[in-house]
Amino acid sequence: MLFEIKGMKIFWLQIFMSLFVMPTAFLFLALLRIGPDSEEVAFLLSGFIVASLVGSFFGALALRICNLMQIEVLELYSTFALSKGEIISNMAFTYALFALPQILISIVVLAFTSPSFNAFLMSFSILWVILLIALLAVWLGLVVRNYYYALGIFPLLAWISILLTPAYYDMAKLNPIFQMVLFINPITHCLSLLRIGLGLTPPLHFLWSLLYTSILFGLLLILTLKRIKDIYILEKLF
Amino acid sequence: MRKQVIQIENLTKVYQNGFKANDQINIHLEEEEIVGIVGPNGAGKTTLIRQILGLLKPTKGKILIHGKDTLGDQRIIKEEVGYVPQIPLSYPAITVIDTIRYALQLEGLYGKQLQQKLDMTLSNLGLESYANVPGYQLSGGLRKMVLLAIALAKKATILLLDEPTSMVDIARKQDIWKLMKRLQKRSILLASHDMNEVKKVCHRIYILVGGRVIAKGSAAEIAQMLKMPVDIEIVPINADYIMPILQKESILWEQEGSLFRISLQELSEGIELLKELINAGGIEYLMMESPSFEKVVTNLVQTNAQ
């Protein structure tokens, strides 16, 4: 992991901007809205945490996985005595570390402003959501593989995922068809898990979300391990 | 017979666009042996190496490393194979010393032992003065040296070197060749364009053309595969003595002042003629181009390409 961090030295400004400055700017905007209504703060910041994980962490990690699939990068990593699984898990861990600062700031604010803040549930939910999003990013990165396609696909996917998550709006006010679409989106379930820890009424039932994310996690884990075992140079780029 | 560390059996690789890069290749590498793979651009050398490394999926055939099929389990590749890629790659932000240190740490070395091995590797490859230079500032040749250092840092019993000395200056090339010969406990599969390199360091050589092995053997065995003309230039001490010999033999020759240019079909004929000329009256000047390994390989490649 230290090697991965050292390797990022020359990209520090890009990483700092995309993984910290930009998400923190949104956090700052959300904090500006803080008023006497603690429930609104919890609603906005939980939405921010999920949106920031999808917008910055998911996109950056998925792109890095696609970058790893490029011929010269695969060749470079194959010079070391590292398995592909080790390389990928270290990448995921490193990017998760970079995504943590603004999440930790949000959690501190929530701990002080939200009367129903449940530290245990919140910690569990955050860790679970990070794991799930990391796995989703790795799997999608291994499916897309083509870095040049990925540059277009992942920002779009992140944007659609955030749009179809009731991060900043109330799901109950939508018509049933839209509600169904949001129910399919795993990010809605991530948000639901976070809001439980803040004592908010989640968009979906806690058990539903836990079951949905657990099944998805298991499925993604199997598919990802299978893909990692079968990593070969992408023979057809376009 | 020594133990085979790599066995490649009927290996065929057809790319998605239908291009057959390797066609029924059978190659083996024995313990402590250096085997060369020679061929023109596009012959399939890199494709072959990438399949051994598990970076490309073979279409057909088997690759066994220490008797284990790499298609089922690639762990053996990570444990037993060190690799120098053809492209001079580097970790752009990481210094030479950190890159090599990391490779050594992955082999379980720490503390004093790590420092000793690190110093030795840097010194062996002449990289001491570049220790703190980041990858992006290194020239192509130096990147190759760092990649070689990483491969040597591994405890791997097999080294796959894909044109390890391309872009490397001639002095360093000589050092690398010496180093390769010193690595007696390791087996080396070397893909190269440099005939001089292959001839100097390899015990056996495979010639690859159009994805097929067209010849194999030692450099001397390959040089004997084709009859190569021999060109001799001589200045005799006394031209009168040699005229009857040249006229007597059914050989092609021409005279330019005191210089005679003689063409023969084979090296043995050339040697016999020279003996005769020396006995007859002596030679003041001699220049002989014998069948070179490079010429034979070029001929083999051209013949097969046609």
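The first residue you see is number 1, and the count goes up from there.
Keep in mind that glycine also has a Cβ here, set from the backbone N, Cα and C atoms.
Heads up, TrEMBL stuff is auto-annotated, nobody curated it.
Since the structure is predicted, the reported quantities are computational estimates derived from the model, not experimental observations.
Quick look at what TrEMBL lists:
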- A:12-34: transmembrane segment (TRANSMEM)
- A:41-63: transmembrane segment (TRANSMEM)
- A:92-112: transmembrane segment (TRANSMEM)
- A:119-141: transmembrane segment (TRANSMEM)
- A:147-169: transmembrane segment (TRANSMEM)
- A:181-200: transmembrane segment (TRANSMEM)
- A:206-225: transmembrane segment (TRANSMEM)
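Of the Cβ pairs linking the transmembrane segment (A:41-63) with the transmembrane segment (A:206-225) and spaced 6 or more residues apart, fewer than 3 are under 8 Å, so the two regions do not touch. Counted as Cβ pairs under 8 Å, contacts with the transmembrane segment (A:147-169) are highest for A:181-200 among A:12-34, A:92-112, A:119-141, A:181-200, A:206-225. Residues of the same chain lying 6 or more positions beyond the ends of the transmembrane segment (A:92-112) and with a Cβ under 8 Å from any Cβ of it are 1, 4-5, 8, 15, 19-20, 23-24, 27, 31, 34, 41-42, 45-46, 48-49, 52-53, 56-57, 60-61, 64, 119, 122, 126, 130, 134, 137-138, 198. Listed by sequence, the residues of this chain that lie at least six past the ends of the transmembrane segment (A:119-141) yet keep a Cβ under 8 A from its Cβ atoms are 49-50, 53-54, 57-59, 61-66, 68-69, 88, 92, 95-96, 99, 103, 107, 110-111, 150, 154, 157, 186-187, 190, 193-194, 196-198, 213, 216-217, 220-221, 223-224, 227.
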